[in-house]
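In what follows, a structure is listed as structure tokens, so that the remarks can point back to it.
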């Protein structure tokens with residue numbers, strides 16, 4: 001046989017044999033993946049922000065299918081993504097919370113300084129130097145770690161304190177993770193009062209360090225008609241399971257440490273006028 005023809009035949013036979021082996025291997029050694037994982041991944045925002053608590057969108061989709069993870073954890077995707085996922089999974093519509101970031105501090109320029117900080121301009125670095133330059137050991141440092149962490153341009157430092165734009169905030173929680181003082185918390189989207197202070201010092205010391213800090217005077221506690229406020233570690237705390245948004249605490253606070261979040265309602269039952277939403281800083 002002609003050597004060239006023989007070589008061609010050998011190559012063809014080897015190719016066919018290899019093809020058969022690959023087909024058999026793909027059939028008997030294949031790792032099955034539920035097609036719903038890919039479908040759910042397509043429904044997610046694709047930001048890979050980690051706000052859901054998983055490494056990325058694909059991992060979250062896998063957790064939903066294989067481990068029954070909640071379907072509403074994709075904050076950037078919102079209700080649209082959750083509804084699509086529920087459809088794929090054959091679930092009934094779930095009762096999911098809508099949360100947005102809230103900065104539990106109104107200090108900034110209202111708060112004194114212990115020293116002039118000239119180091120690396122990050123909150124994490126500043127906090128590591130003698131507890132930070134702020135006279136308040138609990139408040140926002142105002143150097144913007146949260147701003148840099150936010151992929152949605154929803155939080156900026158204004159007058160020395162972080163301010164959330166709730167129209168842009170998706171609730172991904174990235175800002176809460178990087179804040180070294182842990183003054184950013186997730187709260188429901190609704191007109192409601194919030195204690196904008198995290199200072200646990202006694203009132204006399206708070207008065208010396210911050211113009212708008214909670215001094216634990218107890219006026220809000222004594223005047224709340226629903227017993228929805230209590231003092232813990234020298235700071236007022238609101239129990240939102242009891243709070244009906246009457247606003248008594250906001251009007252009674254002498255330091256203005258309790259402020260409205262998401263606008264000011266006209267009454268408990270009346271809707272919030274559009275022009276008042278985000279009227280106050282959050």
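Heads up, the Cβ atoms here are built off N, Cα and C, so glycines get one too.
As written in TrEMBL, here are the features:
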| type | residues | note |
| --- | --- | --- |
| REGION | 1-26 | region 'Hydrophobic' |
| TRANSMEM | 6-26 | transmembrane segment |
| DOMAIN | 32-91 | domain '4Fe-4S' |
| BINDING | 49, 52, 57, 74 | [4Fe-4S] cluster 1 binding site |
| BINDING | 136, 140, 146, 179 | [4Fe-4S] cluster 2 binding site |
| BINDING | 150, 169, 172, 175 | [4Fe-4S] cluster 3 binding site |
| DOMAIN | 160-189 | domain '4Fe-4S ferredoxin-type' |
| DOMAIN | 202-233 | domain '4Fe-4S ferredoxin-type' |
| DOMAIN | 234-263 | domain '4Fe-4S ferredoxin-type' |
Original post:
Do any residues at least six apart in sequence from residue 150 ([4Fe-4S] cluster 3 binding site), in the same chain, have a Cβ closer than 8 Å to its Cβ, and if so which, in order?
Top reply: 172, 174, 175
Original post:
What parts of the chain pack near the domain '4Fe-4S ferredoxin-type' (202-233), using Cβ distances under 8 Å and only residues at least 6 beyond its ends?
Top reply: 106-107, 110-112, 135-136, 139, 195-196, 239-240, 242-244, 246, 248-249, 252-258
Subject >> Least Cβ-crowded entry, counting other Cβ within 10 Å, from the binding-site residues listed as 49, 172 >> reply: 49
Original post:
With a radius of 8 angstroms around the mean position of the C-beta atoms of 49, 52, 57, 74, what other residues of the same chain does the [4Fe-4S] cluster 1 site pick up?
Top reply: 44, 45, 47, 48, 50, 51, 54, 56, 60, 73, 75, 76, 77, 172
Subject >> C-alpha spacing of residue 146 ([4Fe-4S] cluster 2 binding site) relative to residue 169 ([4Fe-4S] cluster 3 binding site), in angstrom >> reply: 12
Original post:
What does DSSP give as the helix, strand and coil breakdown of the domain '4Fe-4S ferredoxin-type' (234-263)?
Top reply: 5 helix, 8 strand, 17 coil
Subject >> Sparsest Cβ surroundings (other CB atoms within 10 Å) among the binding-site residues 140, 175 >> reply: 175
**OP:** Could you check what DSSP calls residue 175 ([4Fe-4S] cluster 3 binding site) once collapsed to helix, strand or coil?
**Re:** helix
**OP:** Whole-number Å only: compute the distance from the Cα of residue 179 ([4Fe-4S] cluster 2 binding site) to the Cα of residue 57 ([4Fe-4S] cluster 1 binding site).
**Re:** 23
**OP:** Starting from the Cβ centroid of 150, 169, 172, 175, which together make up the recorded [4Fe-4S] cluster 3 site, report each further residue of the same chain whose Cβ lies within 8 Å of that point, ordered by sequence.
**Re:** 51, 101, 146, 149, 151, 152, 154, 155, 164, 170, 171, 173, 174
Original post:
residue 52 ([4Fe-4S] cluster 1 binding site) to residue 146 ([4Fe-4S] cluster 2 binding site): how many Å between their Cα atoms?
Top reply: 17
